[in-house]
Structure formats: C-alpha cells, structure tokens
C-alpha cells in the first residue's frame, strides 16, 4: 500500500479477480469434480476480495466531502444490500434455468462492467502521487495497528466492532435453523422468512439513514449508541419470543437499528484518521474482525449445543448492550474533548 496508489492497487485486484473468475468459467466442466482445485480458485478469489475491501472503504472519503460521508455510506450500504439480496434470491434459480457455466459467464460480464465503472469513479484520484516511505517494512506493517490502538476513538470503536462480531454470528444459518425448529416450532421454510425479513429491515434502514443523514452526520456517536441499544433490546425480545410472526416483525425492526449503528460506526472510523492512512487502518481492522468472526462461529456452536439456542440470543443481546455502553462512554469522552478545546 505504501508503494502503489490505492487506485492502481484496487483496479489491479478487481481485474485479477475477474481473470480468475473467467478462468474458473472455462475450466469449470473439469474442475467441478476436483474439489481441491476448486477450493484453491475460491481461496484466491476471496483473497482478492478481502484485499480490495479496505482499499474501497479507504477510497470512499476521498471521493466525497466529509459532511456528506453518512449519505454516501448509506447509499453504498443500501446498494450493497440490494445486490446481495438479489444474488441470494435469484442465483440458484438462474443456475437451474441456464446452468452453472452460463451463470459464471453472466457473472464475468457483470465483473467487467464493474471494472469499467470503477475506473470511471476513481479517475479523480488516479493521479495521486505515492511517496516512498522512509520507515522500515516492519514499521509500515505496524502502522495500521498503531492507528487502531493509539487513537482513543478508534480503539473504542474497534472494541465495539469486535464485541458485535461475536454477537453477530447468531445469524449464521445453522443457529437460525435451530431457532426456527426448536423455539418457533416452524418448518424449514421459516428460515427463509427470517432472512428475508432481516434483509427487508436493512433495506428500510439504508433508506432511513439516507433520509436522516444530516442528523446522523451531526450526531454520529449518539446515533451509534442509540442504534446499538435498540438492537440489543430487539435481539433479547427476538430470543425470548416463541411466536413466528412476532419474530419476523422484530427482524424487520432490527434492520434500521443495525444500519444506523453500522453506518455511524463506519463514518466514525473514516473520520478519525487522514484519508491517506485509511487503507492501512482498515487492513488491521479487517484482520481483527475476520479473526474474531472465525473464533465466534466456533464458540456460538459450542454454547448452543451446551445451553440451547435461546441462551445464545440472550448472550448476544448482553454483548450488544456492552457495545452500547462503550458508545455512550465514547460520547462522554467526545464531549469532554470538545469542552477542553473550547477552554
């Protein structure tokens, strides 16, 4: 990241990912029976996606004024949710209708369009100069981690993200299915209803965050705190109810709370460091979150087997409440800082 511009690196990664997908499409008839090679392809495609994610979030603040960051993050989140909902809903149907190879071809065409759209979007920062760092490679690797833990605001928000990552694994398919069958006593189709309700809620949340962008921008930490608190309460009620339609309604309500909290936290992260350092900060942040996610999936499964699925939702609501308390603590710290500056 020190040696190459964000534009060049992100653009190269997207084209590399497209090339790998194109190669996968060509070789798919023979690879479909070779699971090991197929997994290798998936690994490198995922590596490109994981590498480009911090670059993308780091570039967004360079493309928009800071006062519009919440609005841009809301639109970005909303469009991502729409794309994911469409992909999850229709991919299996498309595969059944036209086959796996033709579906991969459609995907490659969309990826090529995406690369051209990326080029058009990032032309304004294409000419950015990359200054060769004087620091050692070890210092460059540690720079993102230092940013996370030396900046008080980033440190608190990162702790919140880690807590919420552990809590967020309650939404993996196996836990939701156990909840549907053992708590709601419904059929497997309710697993789909739960997921759909939550997606509807997040889409509504994206629109609400866009409409409320001015208020959220001016009250980032307060919005983050209220969103976390409401999400904690709704998660607790969701875990305690045994009525299917109430569970669906609570899922819809969770969406806006989650989106407002998430968009606020994203904007706080983007506003806490210089734009040129965002990619490094997001790389360290992403590594922490990925590690926490893997550990939490293992922990959630063990806890569910030992204590039942209700327990895991109650535990998740307590964790999210702890995150909300941290955000209120951050709000208190922010007010103290502003008071000291005014003095």
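Keep in mind that glycine also has a Cβ here, set from the backbone N, Cα and C atoms.
Positions annotated as transmembrane segment by TrEMBL: 7-29 (among others). With a threshold of 8 Å between CB atoms, the same-chain residues lying at least 6 positions outside the transmembrane segment (7-29) that come near it are 1, 41, 44-45, 48-49, 51-52, 55-56, 59, 100-101, 104-105, 107-108, 111-112, 114-115, 118-119, 122, 125-126, 128.
Annotation comment: TrEMBL describes 35-60 (among others) as transmembrane segment.
Within its own chain, the transmembrane segment (72-98) has Cβ neighbours under 8 Å at 60, 63-64, 106, 195, 199, 202-203, 206-207, 209-210, 213, 259, 262-263, 266-267, 270, counting only residues six or more beyond its boundaries. Positions annotated as transmembrane segment by TrEMBL: 72-98 (among others).
As annotated by TrEMBL, transmembrane segment applies to 162-184 (among others).
Nonlocal intrachain contacts for the transmembrane segment (190-208), taken as residues 6+ away from its ends with a CB within less than 8 angstroms of a stretch CB, comprise 74-75, 77-78, 81-82, 84-85, 88, 171, 173, 176-177, 179-180, 184, 244, 247-249, 251-260. Annotated transmembrane segment per TrEMBL: 190-208 (among others), in sequence order.
Annotation source TrEMBL lists transmembrane segment at 282-304 (among others).
According to TrEMBL, the feature transmembrane segment maps to 310-331 (among others).
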Best-contacting stretch, by C-beta pairs under 8 Å, relative to the transmembrane segment (162-184) and drawn from 35-60, 282-304, 310-331: 282-304
Contact set, same chain, for the transmembrane segment (35-60): CB under 8 Å, 6 or more residues outside the stretch: 1, 6-7, 9-10, 13-14, 16-17, 20-21, 23-24, 69, 72-73, 76, 122, 125, 266, 270, 275, 278-279, 281-283, 285-286, 290
